[in-house]
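> The following block contains the structure, expressed as structure tokens.
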Amino acid sequence: SFTDPSVSMDLLRAVLQPSINEEIRGIFNKYMKFFQTAAINVRDNVGEEVDPEQLIQETCRNCLEQAKLLFSDGKKVVPRLPHEQAVPKRARQMDEELSRRGSPIPKKRKGRPPGQSLSNDRGASGMAAWKLKISEPVKRDGPKWDPSRLTETTTFVLGSRANKALGMGGTRGRLYIKHPHLFKYAADPQDKHWLTEQQHMRAIGGKMAYLLIEEDIRDLAASDDYRDSVDLRLEELKPFIPPAWMTEKMQKHMETLRRGGDVPPLDDPPE
């Protein structure tokens, strides 16, 4: 009895929406393992400020936004994300071809398409850097990964202070992206209690706190990448010697990583 076509169609949509939602959920469940693996890798590589669940939710929403393009009438175009706007035409054609084939994982592209700049590669959210660290295995061998180097006199620094000392204070977690080979130890609640009591850090609730070896950071500061930087602030390091029980935990952690073992999940959520 409705004469407005839009109203009639929307009533039909409302009736079918629960079934549509259920099928959409099933589609996302099919690809969820890829999102989860990528989000966990991002958290492991970036460290602080990364919430895997939030990354997955945002990715799913972006998938739905881009799916609207399938029903575009040519007039109302759904805006692409900033890093997608920079993708060359040839790359988009390859993505579309893979989508038609039904492949859930794009094949790796060899080389750099002509005219593509490094800034375009990075994109607005820095996803290219994350993908690089995800795909490259981190080498954990050599003298720096020998647990015996951690002794009762070894000095450590907080990851947040190391970021500031190397001139990366404005982007927390950037140090771990740029140097994934560094040994870092995520303090557990017992460790954070000691650090807070000794006034090495303020109480941060459930946020992560990473400890790094002072020698490693000073070696970085003396390298070609940093030694001439005007942003070096080594006085920000504030090194300290942890108690023997904490050093022992870090030794076991280093040995686990060196052997290629997985790091046990933390009870505290990431910052």
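Using the three backbone atoms N, Cα and C, a Cβ is placed for every residue, glycine included.
Pulled these features from TrEMBL for this protein:
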COMPBIAS  81-100  compositional bias 'Basic and acidic residues'
DOMAIN    8-73  domain 'DNTTIP1 dimerisation'
DOMAIN    154-250  domain 'TdIF1 C-terminal'
REGION    81-125  region 'Disordered'
> On the DSSP side of things, how many residues of the domain 'DNTTIP1 dimerisation' (8-73) fall into helix, strand and coil, could you say?
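Per-class counts: 59 helix, 0 strand, 7 coil.
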> Quick one: DSSP breakdown of the domain 'TdIF1 C-terminal' (154-250) into helix, strand and coil?
39 helix, 11 strand, 47 coil
> Find the average pLDDT over the domain 'DNTTIP1 dimerisation' (8-73) in the predicted model and report it.
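Per the prediction, mean pLDDT sits at 86 for the domain 'DNTTIP1 dimerisation' (8-73).
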